[in-house]
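Marked as repeat 'WD' by TrEMBL: 131-172, 258-292. Annotation comment: TrEMBL describes 299-311 as compositional bias 'Low complexity'. Residues or ranges marked as region 'Disordered' in TrEMBL: 299-353. Annotation source TrEMBL lists compositional bias 'Acidic residues' at 312-323. According to TrEMBL, the feature compositional bias 'Polar residues' maps to 340-353.
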Amino acid sequence: MEIDLGANAFGIDFHPSTNLVAAGLIDGHLHLYRYDSDSSLVRERKVRAHKESCRAVRFIDDGQRIVTASADCSILATDVETGAKVAHLENAHEDAVNTLINVTETTIASGDDKGCVKVWDTRQRSCSHEFNAHEDYISGMTFASDSMKLVVTSGDGTLSVCNLRTSKVQSQSEFSEDELLSVVIMKNGRKVICGTQNGTLLLYSWGFFKDCSDRFVDLSPNSVDTLLKLDEDRLITGCDNGILSLVGILPNRIIQPIGSHDYPIEDLALSHDNKFLGSTAHDSMLKLWNLEEILEGSNGNSGNASGAAGDSDSDNDEMDLDNDPSKSSKGSKRKTKSKPNTLNSTNNFFADL
């Protein structure tokens with residue numbers, strides 16, 4: 001299934017329990033679509049959510065609301081049923097908001113083009129944590145729920161681990177050779193995988209974040225813009241050449257191609273039942289891929305040979321050994337956005353409309 005959105009989509013997300021998918025567009029609009037296995041995508045709603053590009057989209061509150069983040073520095077909550085604007089934080093960040101993830105049932109995290117990460121309590125409607133470990137845009141975030149830690153990647157070429165219990169940056173990697181663009185946690189929390197601009201996947205062992213433990217170099221000569229965890233051993237990559245691939249981790253291998261867009265992949269998401277993979281790219285297309293059909297042929301497929309320095313998964317499981325993060329001195333912004341005039345305090349989350 002696919003549909004032309006009429007403009008490039010930066011972010012997508014699936015409803016946690018029903019067949020709905022949301023897309024945030026470069027023109028600031030939020031689109032909501034209903035899908036079915038035997039029919040095409042049908043648009044349920046179109047909302048002008050932001051003045052500038054809508055860069056990230058997440059369903060919250062068991063799918064009752066959609067939260068969007070924008071280049072206009074704001075975060076907005078929209079009611080799924082009515083399309084009404086429920087709450088709005090006009091000045092969530094001092095710079096364009098680039099990433100947004102669900103942390104817990106009542107918290108979300110956002111990252112901006114200046115390298116700032118904030119965690120928001122949606123009940124108290126306030127900023128509960130703020131981290132400033134990076135000097136360039138936040139490209140990706142993921143959450144380790146068992147240890148209450150955010151893992152963050154940045155255009156400055158570093159990865160950081162932010163501890164929500166202590167409100168401190170617990171670890172930060174050395175500079176990689178290139179920008180880090182995406183991140184997932186795999187192998188039951190033992191491995192952190194990062195996509196880079198030069199196409200290499202960097203594998204970090206949990207608790208040893210100063211430098212990567214493995215490199216998978218055979219994936220793509222193009223940047224790995226987005227990663228999506230399928231299970232503890234497999235992930236889906238979206239690259240600058242428009243190709244989606246199913247990739248195995250430890251042993252590192254390309255299991256099979258999934259599909260492609262004509263232009264660079266922007267975002268990936270899985271449906272609530274893991275039946276569909278959603279993808280957006282710079283071709284203005286939203287595509288839904290039937291993963292059940294695609295993965296039928298991948299069982300037992302050994303894929304390509306590993307491109308890593310080593311495939312061993314026997315790292316020491318000791319946690320959090322890198323306890324002396326250092327500020328980076330490298331990095332200039334890849335994205336330059338104009339900053340709006342500063343309004344009132346950003347500590348009031350989602351001021352009622």
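Note: Cβ is positioned from N, Cα and C throughout, glycine not excepted.
Unlike curated entries, TrEMBL annotations are predicted automatically.
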Tally of DSSP helical, extended and coil residues in the repeat 'WD' (258-292):
2 helix, 21 strand, 12 coil
Average model confidence [pLDDT] within the repeat 'WD' (131-172):
97
